[in-house]
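> Positions annotated as [4Fe-4S] cluster binding site by Swiss-Prot, on the basis of sequence analysis: C559, C568. Residues annotated as chlorophyll a B1 binding site in Swiss-Prot, with sequence analysis given as evidence: H654. Residues annotated as chlorophyll a B3 binding site in Swiss-Prot: M662, Y670. According to Swiss-Prot, the phylloquinone binding site annotation covers W671, on the basis of sequence analysis. According to Swiss-Prot, the transmembrane segment annotation covers 46-69, 135-158, 175-199, 273-291, 330-353, 369-395, 417-439, 517-535, 575-596, 643-665, 707-727, on the basis of sequence analysis.
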Amino acid sequence: MASRFPRFSQGLSQDPTTRRIWFGIATAHDFESHDNITEERLYQKIFASHFGQLAIIFLWTSGNLFHVAWQGNFEAWIQDPLHVRPIAHAIWDPHFGQPAIEAFTRGGASGPVNIAYPGVYQWWYTIGLRTNQDLYTGALSLLILSAIFLIAGWLHLQPKWKPSVSWFKNAESRLNHHLSGLFGVSSLAWTGHLVHVAIPESRGEHVRWDNLLTALPHPQGLGPFFAGQWSVYAQNADSSSHLFGTSQGAGTAILTFLGGFHPQTQSLWLTDIAHHHLAIAVVFIIAGHMYRTNFGIGHSMKEILEAHTPPGGRLGRGHKGLYDTINNSLHFQLGLALASLGVITSLVAQHMYSLPAYAFIAQDFTTQAALYTHHQYIAGFIMTGAFAHGAIFLIRDYNPEQNEGNVLARMLEHKEAIISHLSWASLFLGFHTLGLYVHNDVMLAFGTPEKQILIEPVSAQWIQSAHGKALYGFDVLLSSANSPAFNAGQSIWLPGWLDTINNNSNSLFLTIGPGDFLVHHAIALGLHTTTLILVKGALDARGSKLMPDKKEFGYSFPCDGPGRGGTCDISAWDAFYSAVFWMLNTIGWVTLYWHWKHITLWQGNVAQFNESSTYLMGWLRDYLWLNPSQLINGYNPFGMNSLSVWAWMFLFGHLVWAIGFMFLISWRGYWQELIETLAWAHERTPLANLVRWKDKPVALSIVQARLVGLAHFSVGYIFTYAAFLIASTSGKFG
């Protein structure tokens, strides 16, 4: 008999259809639970899937390059980056009537097109690409790379090429290679590209394969390098009147420390960026020689961890036992990787707008808003995933004997203190912040705005002043002309930095006031509550006073039946599920705040944010009600415009979001009754009753319905906000 889906679990494949399909999909990637899995096969499958993942990423980026080269307007955009709208790709839609064709034909195109808001035009322009031919070459190269990775993935599943478990668990070698090779050498290679291709291109010199070996990136070549006169490479930098992409005002320096932004492009100096990558390369290549491998020199990670016993014995046995615990748990390693990647992704969001690296991207407001929002949402999902896998580690991989008395065991031992402190912080933040907003709201409603409680964020303003922002008059560190710090940096990066930080037209160290103070604490409430739910879910995943044997039930279970009342809703999966709602709402506040503050900055009316953000009706009326006007105007009595697609997506996003509640609020019994009624009708309907089922149709389980509800809530939430963000920004700024 041909085995049915899922082939990896004979038990599941014999189950009734609903359970078989749902649990089959849910456990498809849970290799640990598959039939006949061994530790060796587990590691090899994950290793091979990494090659597939990389192949997909390169295929996707290749597609971006290819479609822009084929249907975009890259060469036209380069001539006037501030006024030509960059095209992502053409739209072919047989339903388009004449009004739609006219509305979507823009950016100098001959037919309907999509405008690009991911910043790839600015990125490609900055790194030295100039023609469609360059884009096609890049697309083809990435396609070939993608194929190589697919072949490598297949190859490493063949008996002769399968790595052993000991190879996967060789942490020191992996660290050395990832630090030196992945980060170090790739940063060095990127420095090379910037110095040999991007910087000459920004000065009007065209360097390609045909002249790469003959075009000197610096007039003195490698002479100063070997003579130890490295400062020569920083001399004669581009002037402040330099026109990007031309020789006008260009210098010859390749590695500088100018600080601040290029006046015309409003982005970091390319020569500063090259210097930064060279420094990263040096640091990481050295770091990749730290750990002991076959050569018997360097640090042993295990020895470092075992030796690290805290002074005074206040922290028990410190890190003893951690090396083997982490090295033998894929979930622990994944949790650490996701936590790091989540933080990095959020930092990318914060830095892409405040310190823009790509030429002219700072003046493309819709792209700035889209990139910030995109990276914050991605960060939220990745961070919640870190806690999910942390909980799975505690359930599946944690061994109490191995970790006796170490920092991990002590986390579990005093979990009540951790959870209650987080709870207290969340309650404090929530009540005080809401109290201030509501008080201010009532004062405005009663016509006495002067009775608002407005708190200046003095600590944050002091920190901004220490970095050189003069506006607040704090006269401290870099904002004080007498400080040693001020004098020390005067000859290198400081003048450029101070000009930039005190220039009110960019997003670096934005001026903050009482509205920022309030929303900052609202966001802090969201962050602490999300963390509380996730930390509690992980720390209670093995067991709690209510359910001491919880780990026997696994990561996700609905309840343990009526015999133990009150065991519903307490699996680690339920904590993850609850936390995602808080995560989404928190990032909602973050992105609303960012967007409103920037809209007023870009329009030159910062007073609107400053005055309206201190009370609830201000947020509702002057941001959430005022800005969707473009969305509800996508179709009007005069026909349609180019925002109509966002208007439709805005409505569709609300629909998907609302469908989520259908699954979240009505539970299993309702659906089971409904299904049985539908089945009854089906069996009595001519023609329809020719189609029969082998097993009884059943409703989704509680956990399955929650997953479907959560998926619709998340997707609808993001679709709605994406449409709102892009339409309200592009509608204002063209």
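Even glycines carry a Cβ here, placed using N, Cα and C.
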> Is the transmembrane segment (135-158) packed against any residues at least 6 beyond its ends, judged by a Cβ distance under 8 Å, and which are they?
44-45, 47-52, 54-56, 58-59, 61-63, 65-66, 68-69, 74, 124, 129
> Within 10 Å of the Cβ of M662 (chlorophyll a B3 binding site), how many other Cβ atoms are there?
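That number is 13.
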> State the residues, same chain only, that lie 6 or more residues beyond the ends of the transmembrane segment (643-665) and have a CB under 8 A from a CB inside it; answer 'none' if no residue qualifies.
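The answer is 100, 103-104, 628, 630-635, 700, 705-706, 708-724, 726-727, 730-731.
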> Give the nonlocal contacts of the transmembrane segment (707-727) in its own chain as ranges (CB under 8 Å, at least six residues past its ends).
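Non-local partners: 26, 117, 366, 369-370, 373, 377, 577, 580-581, 584, 588, 591, 595, 627-628, 630-631, 634, 643, 646-647, 649-650, 652-664, 700.
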> Rank the binding-site residues Y670, W671 by how many other Cβ atoms lie within 10 Å of each Cβ and give me the one with the fewest.
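The binding-site residues Y670, W671 were compared, and Y670 has the fewest Cβ atoms within 10 Å.
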> Which one of these stretches, 273-291, 517-535, 575-596, has the most C-beta pairs shorter than 8 Å to the transmembrane segment (175-199)?
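Selected stretch: 273-291, with the most Cβ pairs under 8 Å.
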> I need the nearest neighbour of M662 (chlorophyll a B3 binding site) among the binding-site residues C559, C568, H654, W671, using C-alpha distances.
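Closest candidate to M662 (chlorophyll a B3 binding site), judged by Cα separation, is W671.
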> Show which residues of the chain containing C568 ([4Fe-4S] cluster binding site), separated from it by at least 6 in sequence, have their CB under 8 Å from its CB.
P558, C559, I702
> Between H654 (chlorophyll a B1 binding site) and Y670 (chlorophyll a B3 binding site), how far is it from one CA atom to the other, in Å?
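Between the Cα atoms of H654 (chlorophyll a B1 binding site) and Y670 (chlorophyll a B3 binding site), the distance comes to 24 Å.
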> So which residues does the transmembrane segment (417-439) touch in its own chain, when a touch means Cβ under 8 Å and the partner is 6 or more beyond its ends?
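Distal contacts: 411, 452-453, 455, 518, 521-522, 524-525, 528-529, 531-532, 535-536, 539, 614-616.
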> Other than its close neighbours in sequence, what residues sit by the transmembrane segment (273-291), given a CB gap under 8 Å and a spacing of at least six beyond its ends?
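Answer is 171-173, 175-181, 183-185, 187-188, 190-191, 194-195, 198-199, 234, 254-257, 298-301, 357.
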